[in-house]
Amino acid sequence: MPNAISISNLSKTYEGGFTALHGIDLDIRDGEILALLGPNGAGKTTLISLVCGILNPTTGTVNVQGHDIIKDFRAARQLIGLVPQELHVETFETVWATVNYSRGLFGKKPDPALCERILKDLSLWDKKDNKIMQLSGGMKRRVMIAKALAHEPRILFLDEPTAGVDVELRKDMWQLVRRLRENGVTIILTTHYIEEAEEIADRVGVINKGRLILVEEKKELMRKLGKKQLTLELVEGLPELPEALSHYDLDVQDGGRRLVYSYDTQAARTGIGSLLADLNRAGIAVKDLDTEQSSLEDIFVSLVEEAR
Amino acid sequence: MNFEAIKAIYLFEMARMRRTLLQSVISPVLSTSLYFVVFGSAIGGRIQEVEGVQYGAFIVPGLIMLTLLQNSISNASFGIYFPKFVGTIYEVLSAPISFVEIVIGYVGAAATKSLILGVIILATAFLFVPIEIRHPFWMVFFLVATSITFSLFGFIIGIWADGFEKLQLIPLLVVTPLVFLGGSFYSIHMLPPFWRDVTLFNPVLYLISGFRWSFYETADVSVGVSIAMIFFFLAICLGLVWWIFRTGYRLKA
């Protein structure tokens with residue numbers, strides 16, 4: 001599949017000398033949902049701003065479906081929609097005026113039917129004649145999404161779309177993202193909420209201190225870096241760990257009533273079989289067992305800490 | 001050219017004027033009427049005529065210029081400063097439009113507003129004093145050229161300003177004094193020779209003089225010089241805008 005966006009050696013050094021991005025190389029595939037994770041100030045927004053033309057890159061190139069963002073900026077930008085992190089809205093305008101304005105700004109002829117559909121999709125239709133300043137924060141966020149969709153972009157950037165957003169809007173938003181993806185729209189989102197990336201993304205990129213630490217299929221990443229834990233509930237509490245089990249990486253919890261065994265899913269031998277056999281041999285009866293895989297959040301934290 | 005985008009910006013800005021109709025139209029008309037009352041009636045009662053023109057009529061071109069300059073600058077500077085201030089500029093920067101198109105949209109709208117005001121004030125003036133326009137073509141030329149030039153200037157101020165104070169600084173501290181001292185309310189021939197020479201350094205003098213010539217054929221400096229000067233200002237503003245475009249000054253880091 002061709003790439004929606006190809007970024008090569010992209011870096012940004014601000015006037016004061018601060019380098020926000022160091023030589024980023026990233027290919028974003030057509031039609032995928034890519035989640036960019038990273039702590040505050042990691043360079044996520046800078047990366048998005050460079051691709052969207054809000055900042056000038058210091059080095060490097062960006063191609064959007066084969067169009068260079070500087071030499072061929074009209075074709076490149078036409079394809080992109082951006083929902084920035086901050087709530088930047090035309091306070092005194094009506095919802096309807098501002099969404100139609102956005103469409104015109106991107107060079108598209110007016111299409112009231114389309115704008116109507118977008119507003120209805122975002123539950124904004126009954127607010128269309130309201131001034132934006134009369135809307136709640138969540139509604140303003142919806143307006144910004146409507147503006148970004150008004151010119152029918154093929155690539156959508158969502159910069160922290162769910163920051164400060166209530167549960168209902170968040171649900172609506174993910175529904176919308178899925179629907180857009182079904183229509184072939186490529187989506188790049190940044191988020192602090194790792195469970196969101198875990199739920200929705202196809203691939204995950206981790207940015208820290210202006211560097212892209214990794215980009216990986218979400219499933220692959222979780223398989224590769226994920227640790228699994230086997231929790232065994234015992235019938236009777238162990239006063240202490242028997243000698244026969246001392247060479248296992250076991251954590252004794254709940255006054256000896258629970259054993260937690262950590263193992264690497266990638267290892268040739270996980271050691272579960274022998275552990276169970278040894279337990280049996282030592283006469284320890286198991287009441288229940290449970291396995292748990294580490295979440296993307298654990299992986300993320302360990303990656304960022306490693307880079308420190 | 002992305003005409004849809006130019007249209008979008010232009011209409012969006014014009015909608016802002018409709019929304020703020022009261023400030024946009026009523027207040028300049030009111031203040032101009034006050035000038036007529038104060039300068040035209042009170043002082044005009046004593047001066048009567050300047051260079052063969054009734055004093056009340058003599059000051060009309062100057063008053064229109066005053067409004068044109070002030071409004072071109074404030075409309076255009078606010079038009080571009082406000083999106084910068086509230087952050088909505090991100091959308092303009094990320095849209096598939098060139099800087100030239102952005103300038104045409106914003107400056108075009110600001111200049112249109114000024115023109116509308118200029119015409120309204122001219123119409124108001126007809127109510128107060130007898131006015132004749134000997135060179136309608138040149139009158140329209142000065143009206144349009146001044147609106148465009150000073151809207152460009154306002155646009156530059158709007159880009160440069162990083163606070164509301166700066167937005168007001170140049171119009172209040174520079175433009176208003178220059179207009180008052182540029183022969184709006186008198187002919188420079190009424191001044192002592194030294195001040196007459198000093199006034200020749202005031203760029204606004206050339207605008208007012210040329211504009212007044214299109215009405216009454218009386219001028220402080222030759223009309224050719226006035227026309228040359230307005231093109232000179234236009235060139236300076238275009239040069240500055242071009243430089244902003246090249247460097248992304250205060251728009252794009």
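Yeah, the Cβs are placed from backbone N, Cα and C, and that goes for glycine too.
The domain 'ABC transmembrane type-2' annotation in TrEMBL covers B:19-248.
Residues or ranges marked as transmembrane segment in TrEMBL: B:21-43 (among others).
Here TrEMBL flags B:85-109 (among others) as transmembrane segment. Sequence-distant neighbours of the transmembrane segment (B:85-109) (same chain, 6+ residues past either end, Cβ-Cβ under 8 Å): 1-2, 5-10, 13-14, 17, 75-76, 79, 148, 151-152, 155, 241, 244-245, 251-252.
Taken from TrEMBL, the feature transmembrane segment applies to B:115-133 (among others).
Look at TrEMBL and you will find B:140-161 (among others) tagged as transmembrane segment. When Cβ-Cβ distances below 8 Å are used as the criterion, the transmembrane segment (B:140-161) is approached by residues 64-65, 68-69, 72-81, 84, 103, 106-108, 110-112, 114-115, 118-119, 167, 169-171, 207, 210-211, 214, 226-227, 230-231, 233-234, 237-238, 240-241, 244, 249-251 of the same chain, each at least six residues removed from its ends.
Residues or ranges marked as transmembrane segment by TrEMBL: B:167-186 (among others).
Sequence-distant contacts of the transmembrane segment (B:221-245), counting only residues of its own chain at least 6 positions beyond either end whose CB sits under 8 Å from a CB of the stretch, comprise 99-100, 103, 138, 141-142, 145-146, 148-149, 152-153, 155-156, 159, 200, 203, 205-207, 209-211, 213-214, 251. What TrEMBL lists as transmembrane segment is B:221-245 (among others).
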